[in-house]
Every structure is written in C-alpha cells, then in structure tokens.
Amino acid sequence: MAPRAALLLAALALPLLLLAEPAAFSSDPGPAAVTGVFQVRRKFPPGGGGNIAALRAHDGRRHGRLLAAADVPLGGLGLPTDTGLYYTEIKLGTPPRTYYVQVDTGSDILWVNCISCDRCPRKSGLGLDLTLYDPKASSTGSEVSCDQGFCAATYGGKLPGCSANVPCEYKVVYGDGSSTTGFFITDTLQFDQVTGDGQTQPGNGSVTFGCGAQQGGDLGNSNQALDGIIGFGQANTSMLSQLAAAGKVKKIFSHCLDTIKGGGIFAIGNVVQPKVKTTPLIADMPHYNVNLKSIDVGGTALQLPADIFKTGDKKGTIIDSGTTLTYLPELIFKEVMLAVFNKHQDITFHDVQDFLCFQYSGSVDDGFPTITFHFEDDLALHVYPHEYFFANGNDMYCVGFQNGGSQSKDGKDIVLMGDLVLSNKLVVYDLENQVIGWTDYNCSSSIKVKDDKTGTTHTVNSHDISSSSSSGWRFQWHKSLVLLLVTVVCSYLTR
C-alpha cells in the first residue's frame, strides 16, 4: 500500500459517529385528513466552532429509530429538539392556534405537545413561541377512545382491559433515553387549499393526531425545540396516508431544497413536470428502502463485493431526508474516500470534532470527482463535491460521508443516504406505485402538479430564502432559516 494511502486509511479510522441504541416503530392505519398549503422552514446547525458535532448528535438519535425492532407501537417518531431539520407552521383546533412541527419523512404521525405535558419546553432556542395544545379549549376537539377503530387498527386489535371512554394512549421510548407518552385526539386542521397557479383559498378538515402528555430526556430540552412533528412516513397514521384514505390526494409527495441560492419546494400531489425517473421501494420495509447496485467515483466503478448492498436484517440502503449526513459501511466508505482523494496526495487531514477535514483554497467542484450511486432500474444519484463536502470556516472543508463501521453494530452494514446528497434534487416519493425517484433540479424554480379532479396542472413555485442568507446553508449555516413552500394539491379521487 502506498504511504499516502496508508495515511488516508489511518485518518478514516477516526470514530465518526456515536449511535443511540435502537428505538421502535410500527405501521398503523388511520382516518382521513385534508388538503392544504404550509410554509416549511429549514433550520441547520451553525457551522464551525463547537457546533458541527450537533450534526452527528441529531443523526445518532435518529438512527436509534431507523434501525429499531418493531416491538413498540408508534415508534419511529422524529425528535423536535436540537438540530431539527424541516419545520412548518400548522393550525389546529377551533378557534385555531399555531404550532411549529418538524417535517420528517421517517415519522408516521402528527403529534404536538399537550397542555398537561410534563417537561414540555415552553420556549425554543429557534426564537419561536411554543404552544401547548388544549383539547378542552377547542370546540371541535375530541379524544380517541381505546374502543374506536383508529385505536384498534393502530394496535392490531382491541386492547386488553379497554372499555368505553378510556383514551387511546401511546408511548415511545428512544434509545438515547428520551421518551414521549400521550393519547390520540381528533380535531380540525386549518390550511390554505391550492386552487390554481400560486392561488389558494381557506380550507379545513378533520385529522387524528397525538397529544403528547409527558416528555423525557432530550424531548424536554428547549434548545431548538418545536411543538411536535408531522410525519410523512409510509404508515397509515401519517397525515399523507390520512389524506389519501379520505380521497383528498394521491399518496405522493416531493421535496426540493436549494442549497445554492436558497429556497425550495415541498408538495403533496402527482408531479408531472419535471419528469422523474424512479426505482422500486423494497416491499414490506418500514422505511424508504431501495436496491443500490453499484458506486462509481469520477466515472470509475469501485470494486466491491457483490453482496455488500444486499437488503436484509440491518443491511441495505435507506433514503432519509431527515438524516443530515450520509453513512456508508466501512469498506465502502474507505474505498470511496481513497478514490475521492486519489489526485490530492498533498492534502493534510485534520480531526475536527471527529469529522475528516482538510484545507483547500480552490473550487471543490473543479478539484474533486463526482460520486454516482446506481440503483435498480438504471436510476443514478449524482453527488457533487459541494454536496459531499461542507465548509467549516475559511478554506476548510469536512467530509459529509461518515463511516458506518464506527457506529454501533446495528448500523454498520447500512447505507443511509441523508440530506446532504439529496439537496438540489427534486425527490418524489410515489407511494401509490411504491417507487421513489429524483432528478437534478433548480429548486428555486417551480414544478407542475396535477389536479386529479379536473385534470389540470398547477404551478408550485419555490419560496425564496431570507435575504440574510443569500449564499446558501452550507456556507453560512448561522444564517440558514430556509423557507420552503409546502403545497398540497386537491385531487378528490373517485372511489
């Protein structure tokens, strides 16, 4: 082995992630909700200094959910604390009150903190006014009892000891020791309904969601806390599934985050422009699992064992926009890094809070190769240097790929593709046809989404980032409140 390669491999041996122990998840059917428009903000942790470790902390807690066993109902919830990624403003109840909830593709329900909550934060480090939901203050709110269909479907049958007027409860315990306990509520969700190109009108509908009554661990921390989460997972309890079950929308959503100019799009509905090539979702998996076939760096295929991408118990590839970084099994990680730095023998590596970092004064896009992931049905994901590196100070770059081999045993063989590699792409989750796809895209432009009731298409525009953050989050994380437009297009499907 060349001396330089040996030095690089030594650098790659740095411990790059502390992973929480497994949490839990479940898939649960639910009732109907409605269509609407939401503005979604994206909050990234500040770059440099003592804060980039928050990226791994967020991902570590999240991995405790993604890699969990399916033995605790309604797990797989996102954590609305620390480095929450997307969050949106919603209105619940009559009269309506405002709540800020994290948008999470790995979560399965909408839930907010309740008035009776123990240790729920009242203030947020994001500068938001947090609100506790009060069922008694809403004229349209009602508790879901354990003998109702939603509860029985959630738990796979009627709960032992259930009787009339007993609330349908849930409890989730996370691997990092945090927990949330609560009960289900049905109430009115307020929204802006899309009626044309850039046009909306007021609307509302009924949705069943969790009311968090007790929080433990980091869920009680006010640092960047939110009121709750809104899940876009595949389970029937997600808001998207409820909308689809009511015949309001198709079970399709998409997101596009512009990290160059700022702004982005988050839409529910059938995207007809641009055209997006897709790959099948693996059946009977709780997350967005896909078949990764090969990887090339700068056009040269990596020589890897044929079975290294095989899906199985704690193996395979997961697409998850709620994870910040991208995690590769140790062998893949080392081969990718050796190929990336092959033409840069003079680079000296630094350990910055367990990230692999280096000084570089030129353009990383001009100096480093593109990495391409190839998936089933000939779908490629191109990851450019400005996407797999992130800036951490003047002329200092850190690697956004992490070594899964330094995680716990539960994550070491999983390819977990996070937000860094999904940015500047329109990503479409088509759960109607059980496929996922993407295309490189200008996320500051617009897309076309079809109204299935009329057959017409509506333009969904991006929402511009705040002018104080014009250079994009990866260069100025401390200014990065990215404002997205989440658009839900009416379909009113024929049953």
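Any Cβ shown, glycine's included, is placed from N, Cα and C.
Keep in mind that TrEMBL annotations are predicted by a computer and have not been checked by a curator.
Straight from TrEMBL, the features:
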ACT_SITE  Asp104  active site
ACT_SITE  Asp320  active site
DOMAIN    86-439  domain 'Peptidase A1'
SIGNAL    1-20  signal peptide
Have a look around Asp104 (active site) and count the other CB atoms within 10 A of its CB, chains all included.
27
Reported mean pLDDT - the domain 'Peptidase A1' (86-439):
86
Asp320 (active site) CB neighbourhood, other CB atoms within 10 A:
24
Using Cα coordinates, what distance in whole Å links Asp320 (active site) and Asp104 (active site)?
9
